[in-house]
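Quick look at what TrEMBL lists:
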- 119-132: compositional bias 'Low complexity' (COMPBIAS)
- 115-135: region 'Disordered' (REGION)
- 46-65: transmembrane segment (TRANSMEM)
- 85-106: transmembrane segment (TRANSMEM)
- 146-165: transmembrane segment (TRANSMEM)
- 177-194: transmembrane segment (TRANSMEM)
- 206-225: transmembrane segment (TRANSMEM)
- 237-255: transmembrane segment (TRANSMEM)
- 262-281: transmembrane segment (TRANSMEM)
- 301-320: transmembrane segment (TRANSMEM)
- 332-349: transmembrane segment (TRANSMEM)
- 355-375: transmembrane segment (TRANSMEM)
- 396-417: transmembrane segment (TRANSMEM)
- 423-443: transmembrane segment (TRANSMEM)
Amino acid sequence: MSGCPQFDGALTWTYEACSWGTSAEGYRRLQELAYINRTGASMLSMFRLMLAYPVVIFAHGLLPLERTHRARVLLDASSVVLPVALQFSLPHVAWPLLFTLALLAAHHVKLQMGHKGQSSSESSESSESSENSESESERFIMEYRAMVMVSTCVVILAVDFSSLFPRMHAKTEEFGYSLMDLGTGSIIFASAVTRTKSTRGRVRRMLKLWPVLAIGLSRAALVWGTDYHVPQSEYGVHWNFFFTVAVVRLVSTALDLCPTAAAAAALFTLGTYQCYLSWLGGAEFLLHAERLDLVSANREGILSSAGYLGLHWIGVWVGSLLRGSWRCVHQLLLLAALGGSASLLLPASRRMCNLSYVMLMTSLNCWVLALLAGIDRLARPRPASITLQGVQGSMLAVFLLANLLTGAVNMVLQPLLVPFGPALMIMMVYCLLWSAPFAYLHARKLKSW
């Protein structure tokens, strides 16, 4: 596709030479239209998009082990991150590629199984490339957590390229399903699933959240100071993702519930919050009220924190079920089916983080975990991705770098006007810029924040 987006009541695309720029006022009008998604995509398409995760990880085993550090880092980052970017931006091109990779990886695993006698030497090489604290049975949990962050970092810039990113995957305005609606929910769920019981005091753990709050305040100040366009329907006028994460982490750390108690707390919190939305005017206030004061101006972020807290507690409970066994796979598939069915009872709303949205997040994340757990059981031994290891070890730093790069692109260019070819090149370079450094640090056994 080539050409430029035009706005006349709705965003359209014309096959004409792109000007690459317009006036600040005209571009702001275009932004107000380009990020509005009133319909979204189908629920089935969300589950289908998640198939890229296991295919990418499965195919990673095809990479050669003998290579220099720099070549290894570049090849590893490219093989993990770029297919995800292609899948989300160009699914009609990516699907044949992913299918071919899956077939090649399956053939590779079959050959490995036929040479069990040589597995000891291969295992030693594999362990050399996967020097981390996770055991083999926990590998899929690490990979799941990292892939959630990889996907989130990919789409936060991809959505700004209207020539590249399908608009049905932009965040929905009120109700519906879209790829970008999955980001915050999946990150919170992934963080809860991988939660470990700490021996440190609660106050010390709560104080460790200061970087998240500091980043949230800095982002709010920068957005205000630079007049950076952020749709108010995401979190509100001043609120942002980092404040939501901080609230959820503060409350969950203060209560520090065991998995069983967390499940009960999730039911109570989500039930109470949904009653407020459905019967006490909460939905009407959240979707249509005027922004008259600090609370009403940031109502999306403040109120949806209750839903995300319930989602976190569900994740804590699901995390207690994760084991490297086929029984775990069956349990996750059952939870995915139950959550998906429950999400159909009411329209899902990312903006409100209502009960249906939480059930959808539970279903999709259990679906991904089941797929990765199945791959983990089928393809052993296999080398771990240094990119995924580096990303999962520095989640906050990775997301911060991706946000800074996204902001830089939007300050230098008007990405909604960039044609397809240059947009694709910028996306590929961007993906390597935030992923390769952390792969390199991990390969060199260096710590990153």
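Cβ coordinates come from backbone N, Cα and C, glycine included.
Annotations in TrEMBL come from automatic prediction, not curation.
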(message) Three or more CB pairs closer than 8 Å, sequence separation of 6 or more: does that hold for the transmembrane segment (355-375) against the transmembrane segment (332-349)?
(response) yes
(message) With pairs fewer than 6 apart in sequence excluded, do the transmembrane segment (146-165) and the transmembrane segment (423-443) have three or more C-beta pairs that lie under 8 Å?
(response) yes
(request) Could you give the residue numbers and ranges of same-chain residues that sit at least 6 residues beyond the transmembrane segment (146-165) on either side and whose C-beta is under 8 angstroms from one of its C-beta atoms? (result) 1-3, 5, 11, 13, 34-35, 53, 56-57, 80-81, 84-85, 88-90, 171, 179-180, 182-183, 186-187, 190, 365, 368, 372, 385, 387-389, 391-392, 395, 398-399, 402-403, 405-406, 409-410, 415-416, 418-420, 423-424, 426-427, 430-431, 434-435
(message) Cβ under 8 Å, sequence separation of at least 6 from the ends of the transmembrane segment (301-320): give me the contacting residues as numbers and ranges.
(response) 184-185, 188-195, 235-236, 239-240, 243-244, 247-248, 251-252, 257, 259-260, 262-263, 265-266, 269-270, 272-273, 282, 286, 295, 332, 335, 351-355, 357-358, 361-362, 365-366, 369
(request) Quickly jot the same-chain residues contacting the transmembrane segment (237-255) by Cβ under 8 Å, restricted to those at least six beyond its ends, or write none. (result) 183-184, 187-188, 191-192, 202, 205-206, 209, 212-213, 215-216, 219-220, 223-224, 230, 265, 291, 294, 297-298, 300-302, 304-305, 308-309, 312-313, 316
